[in-house]
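A.B. asks: The structure's right below; bear with me while I get my questions together.
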Amino acid sequence: MSANRHALILTPLAILGCLYALYLVHRPDVAGQAGLAFWAFIVVLWLLTGFAISGLSHLKLKQPVARRAIGLAVPVLFGAFLFFLWEVIVIGAGVPSVLMPAPSAIAAKFSASLPLLRDDFFQTFVKSVLSGYAMGCLSGFLVAIIADRVPFLRRGLLPLGNFVSALPVIGIAPIMVMWFGFDWPSKAAVVVVMTFFPMLVNTVTGLAAVGKLERDLMHSYAAGYWRSLLKLRLPVALPFIFNALKINSTLALIGAIVAEFFGTPIVGMGFRISIEVARMSLDMVWAEIALAAIAGSAFYGLVALIERGATFWHPSYRT
Amino acid sequence: MTTEALILAAPPARRKVLRREGTTGPVLVVVLVILALWYVAAIFMNWQGVTDAFSRAGEQHTTGEILLGTLDQERPVLPAPHQIVAELKKTVFGIAITSRRNLLFHAWVTLSSTLLGFGLGALLGIVLAVLIVHVKTLERSLMPWIISSQTIPILAIAPIIIVVLGSIGITGLFPKAIISAYLCFFPITISMVKGLNSPDLIQRDLMRTYSASGAQIFWKLRLPASLSYLFAGLKVAVAISLVGAIVGELPTGAQAGLGARLLAGSYYGQTIQIWAALFGAAILASILVAIVSSVERIVNRRMGVRPA
């Protein structure tokens, strides 16, 4: 028990050391020309942080609250240290910003170009992703219900849906741009096609997941098709449907961004990435990627949160 | 009495569903329906273009001629399936294989970076998974990041990798392979970790009572148990590895590869070329997945897995 207690002392020490290194590296006499002593200090910090994180992750705690706090702290510290290394190496070694901008430079660019980012976000996320996501998921769901009603259709569509899921569907982007023009409808169309099949396959699988016993029980209640669909089979299929919703939240964002590489009006996240990469202003590109990461994980988190509320009865959420 | 009554009362349709069903017939019918719908859509979507072309030429034409015209345009809004097949045949067999106009040439460019990236990504993913299972610090610190990175659109990073590596003199195959590797190591790591942790406590305890070493437990229990999970991950990975290679060809401005064909086709409005490249990519993807599946079958047979 006491063997890993040293982590509780090492962790604040490592954090303080990293903060001091951050202060050092931004001093004009160190930035870009860091000496051997500085790099030795960084290596020592690296070892220190390694020991601290290893100690923290081996801590055996009794209180559940403390355990959860440690479980959260370990990955957060690890990620923060990676960002610290990125910052220190880029600034200390003077890596030119056309190759790799420092996180601080990216954050500065991010906060300096908020109006631009907001416009791009609105164009790509609100217009293309959300509308395409809603249409794709809804149509996939409806077709799945129809396919479930007609077994012949289900047997034909399910292997095809699985097959299409493995195809590079993103390639239809240039065709959609030709059909629906440069603005957001073409991106929404790509998103619709990309999200349709995962939803179809998952919903059909979910609807088939009901056990024979439960179905027989509904039958003995004299429940008709629609009643047993609403009261039994859709609730059972919910985890599968939410799984598709979560997969699609990521796919939709990828689809919209990549589709913008094929032609857009002069706004949008994918447009900004491709144009700023060509101009070698990588801090702006990284700012867009940060925005995409935030939007993507927030979207995913929201769907996961709704899932928790809607499928609270599922074994994986019961404690 | 009750169970028998239930079985008798069950409608015959229900019992038919429980039987093992073939899928070949229904799939064939659905595909045929899609093809038929495709032709109808091609006629409707190309109608305007054909009538415009005829009226520009100042000629009068019957409905039948317009109908045939919609399926035989040079740059249709939606090419008919037979046009795509003809284009595929022409660009695969009709032109010397070393020519840049041959589709196989472009498919090979994409395939080579897909395979290199897939190999790198699979190696990285498996090594990482083995480390994560055995080093608790990594499991606690790295695994949450790998899982949460699945929720962000990492494909957006592709142009940066291409341009940055290009500016320090690395071009061609390798940057695209990096993108593929980067995309495909996540699903491999996640499924492999799940697989390596899949043996039950009772099985691990049995190994302990045999006083098996850590290496023995790994080689004789964990690794064999993880293989089916690994192959599920590999199938996903090989598909997105291809997507990564295709997207990686976009920022360099259409030099070679299936992605370049897509981009060039969209620049010049060559719809048939786009569709042919798209079908080429689809065929490539299904061949790759089929290869992984057959390797899985061979491995399973070698290891004596009984079919469920």
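Cβ coordinates come from backbone N, Cα and C, glycine included.
Automatic prediction, not curation, is the source of TrEMBL annotations.
Reproduced below are the annotations present in TrEMBL:
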type     : residues  : note
DOMAIN   : A:140-309 : domain 'ABC transmembrane type-1'
TRANSMEM : A:7-25    : transmembrane segment
TRANSMEM : A:37-57   : transmembrane segment
TRANSMEM : A:69-95   : transmembrane segment
TRANSMEM : A:125-147 : transmembrane segment
TRANSMEM : A:159-182 : transmembrane segment
TRANSMEM : A:188-213 : transmembrane segment
TRANSMEM : A:251-273 : transmembrane segment
TRANSMEM : A:285-306 : transmembrane segment
A.B. asks: Hey, does the transmembrane segment (A:37-57) touch the transmembrane segment (A:125-147), meaning at least 3 C-beta pairs closer than 8 angstroms, sequence gap 6 or more?
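C.D. replies: These two stretches do not touch.
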A.B. asks: Rank A:7-25, A:159-182, A:188-213, A:251-273 by Cβ pairs under 8 Å to the transmembrane segment (A:37-57) and hand me the top one.
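C.D. replies: If we count Cβ pairs closer than 8 Å to the transmembrane segment (A:37-57), A:7-25 scores highest.
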A.B. asks: Between the transmembrane segment (A:159-182) and the transmembrane segment (A:69-95), do 3 or more CB pairs sit under 8 angstroms, pairs being 6 or more residues apart?
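C.D. replies: Between the transmembrane segment (A:69-95) and the transmembrane segment (A:159-182), contact is absent.
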A.B. asks: Given the transmembrane segment (A:159-182), which of the listed stretches A:7-25, A:188-213, A:251-273 has the most Cβ pairs that are under 8 Å apart from it?
C.D. replies: A:188-213
